[in-house]
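A.B. asks: To start, I am sharing the structure in question, which I have written as structure tokens.
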Amino acid sequence: MSTAKAPTLPASIFRAYDIRGVVGDTLTAETAYWIGRAIGSESLARGEPCVAVGRDGRLSGPELVKQLIQGLVDCGCQVSDVGMVPTPVLYYAANVLEGKSGVMLTGSHNPPDYNGFKIVVAGETLANEQIQALRERIEKNDLASGVGSVEQVDILPRYFKQIRDDIAMAKPMKVVVDCGNGVAGVIAPQLIEALGCSVIPLYCEVDGNFPNHHPDPGKPENLKDLIAKVKAENADLGLAFDGDGDRVGVVTNTGTIIYPDRLLMLFAKDVVSRNPGADIIFDVKCTRRLIALISGYGGRPVMWKTGHSLIKKKMKETGALLAGEMSGHVFFKERWFGFDDGIYSAARLLEILSQDQRDSEHVFSAFPSDISTPEINITVTEDSKFAIIEALQRDAQWGEGNITTLDGVRVDYPKGWGLVRASNTTPVLVLRFEADTEEELERIKTVFRNQLKAVDSSLPVPF
């Protein structure tokens, strides 16, 4: 039993949706121990002594996870160690094992020297002030002490079987699977093959150095190899997973990148066809076309804040059956558990495409599309980013448009929209624009440019 007092941990690692830092600098083995103590204490306070723990394929994983588990055990928690698995497999463990708490040690798509913690306590994904509360527990030494236990649990076969039994493929497909040397490589290619597809694996060996490309399918440059392979192999589809497998990137048979909001169009159509009136949630970065489409299918569109933890909370509150974020997190509550799961989402996509006579390019090109910018980032400071947004919400003049201020400022005009919001994870302002003509796109950009300059004339506006 440890009665030692914790060192002061850097405040910077306690972020909006998770805890994340640079290994050996802001995040050490000792830090992992005390974070384990805080999470264990919080879980026990909520009446949950059982905690599942997993880790991704990062090089720092084994050392950090050992200390994380020790911290949980020293609280008196019963730990189920599920080993090296994708994040959704850890979430799955926290749904189907005895306990409803779980900690995933993962750096997601950050560079190799990062690691972090995604945390579920008693069925709730922690965010914002709940993550700050863990830091306060450590500072106040408000920590449980006890003698817990650790059990190794092989959860992968159970997860594998549940998805395999859930998905019905109408015909086999040829799929290129790029795991970017992330932890999805331990299951995604094998599972997709078990569904009846022929799989061409790309970078599916787990390697925490990420020697081939960064495991972030949200950036087009990381999909170059996948696109080339899909074309060379004449494949039906390309799938790319991020470093911890909770996001998926999609490429059609002709090499077109399908952005997550367009993926959500297909998923919404499918889910609402069986569940008329279902709520479908999407974040403020998604296309305006989703709103009319979801309504047209007979569903109820719900726009919400960006952030996987925040979306999960909103799903619980609304009873939504499906949610998606522009970052690539997709959450199925229909036939699944409601957590973000890149691997399950990929399987659902294959099921839908297998039932369609058209190729994937034609399936997606049938949906309406606008001209859009990629995500534009303006570097500011941690302190100024929220102040700028507050000033824009308070003072800016946007003209004739529908203004949404639930996360930054989004203005929907008759023929397009613009968004400016503060990133919750980095000191940047995030912007995105979309319109049905180039002229309208430029007009909306000009409005936003002028309003930003009015708030702070020194701001760089790279658009």
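Just so it is clear, glycine is given a Cβ too, placed from its N, Cα and C backbone atoms.
For reference, Swiss-Prot lists these features for the protein:
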type	residues	note
ACT_SITE	R20	active site, proton donor
ACT_SITE	S108	active site, non-phosphorylated intermediate
ACT_SITE	H329	active site, proton acceptor
BINDING	Y17, H308, E325, M326, S327, G328, H329, R421, A422, S423, N424, T425	alpha-D-mannose 1-phosphate binding site
BINDING	S108, D242, D244, D246	Mg(2+) binding site
REGION	13-142	region 'Topological domain 1'
REGION	159-255	region 'Topological domain 2'
REGION	260-364	region 'Topological domain 3'
REGION	375-453	region 'Topological domain 4'
A.B. asks: Go through R20, S108, our active-site residues, and report the one whose Cβ sees the most other Cβ atoms within 10 Å.
C.D. replies: S108
A.B. asks: What is the maximum Cα to Cα distance, in Å and rounded to a whole number, among the residues Y17, H308, E325, M326, S327, G328, H329, R421, A422, S423, N424, T425 annotated as binding alpha-D-mannose 1-phosphate?
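C.D. replies: Farthest Cα pair among residues binding alpha-D-mannose 1-phosphate: 19 Å.
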A.B. asks: Among the recorded positions E325, S327, H329, N424, which ones place their C-alpha within 10 angstroms of the C-alpha of D244 (Mg(2+) binding site)?
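C.D. replies: Hits: none.
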A.B. asks: Measure from the Cβ of S327 (alpha-D-mannose 1-phosphate binding site) and count the other Cβ atoms within 10 Å, all protein chains considered.
C.D. replies: 21
A.B. asks: Quick one: of D242, D244, D246, E325, which of the binding-site residues has the smallest count of other CB atoms within 10 A?
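C.D. replies: Result for the binding-site residues D242, D244, D246, E325: minimum number of other Cβ atoms within 10 Å at E325.
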A.B. asks: Among the recorded positions R20, S108, E325, A422, N424, report those whose Cα falls within 10 Å of that of D242 (Mg(2+) binding site); none is a fine answer.
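C.D. replies: Matched recorded positions: S108, sequence order.
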A.B. asks: If I take every residue in the region 'Topological domain 4' (375-453) and average their pLDDT values, what number comes out?
C.D. replies: 96
A.B. asks: Using a 10 Å radius around its CB, how many other CB atoms surround N424 (alpha-D-mannose 1-phosphate binding site)?
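C.D. replies: Counting Cβ neighbours of N424 (alpha-D-mannose 1-phosphate binding site) within 10 Å gives 19.
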A.B. asks: If you measure from the Cα of R20 (active site, proton donor), which of the recorded positions S108, D246, E325, S327, A422 is the nearest?
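C.D. replies: Among S108, D246, E325, S327, A422, S108.
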A.B. asks: Tell me which of the binding-site residues Y17, D246, E325, S327, N424 ends up closest to S108 (active site, non-phosphorylated intermediate) in space, Cα to Cα.
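C.D. replies: So, of the listed binding-site residues, the one sitting closest to S108 (active site, non-phosphorylated intermediate) is D246.
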A.B. asks: When you average the Cβ positions of S108, D242, D244, D246 for the Mg(2+) site, which other residues in that chain have a Cβ within 8 Å of that mean position?
C.D. replies: D56, P86, T87, T106, H109, G182, P215, F241, G243, G245, R247, G342
A.B. asks: With helix taken as DSSP H, G or I, strand as E or B and everything else coil, how many residues of the region 'Topological domain 2' (159-255) land in each class?
C.D. replies: 33 helix, 21 strand, 43 coil
A.B. asks: Count the Cβ atoms, other than its own, that fall within 10 Å of the Cβ of Y17 (alpha-D-mannose 1-phosphate binding site), considering every protein chain shown.
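C.D. replies: A 10 Å sphere around the Cβ of Y17 (alpha-D-mannose 1-phosphate binding site) contains 23 other Cβ atoms.
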A.B. asks: Using DSSP, how many residues in the region 'Topological domain 1' (13-142) fall into helix, strand and coil?
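C.D. replies: The composition, in the requested order, is 53 helix, 35 strand, 42 coil.
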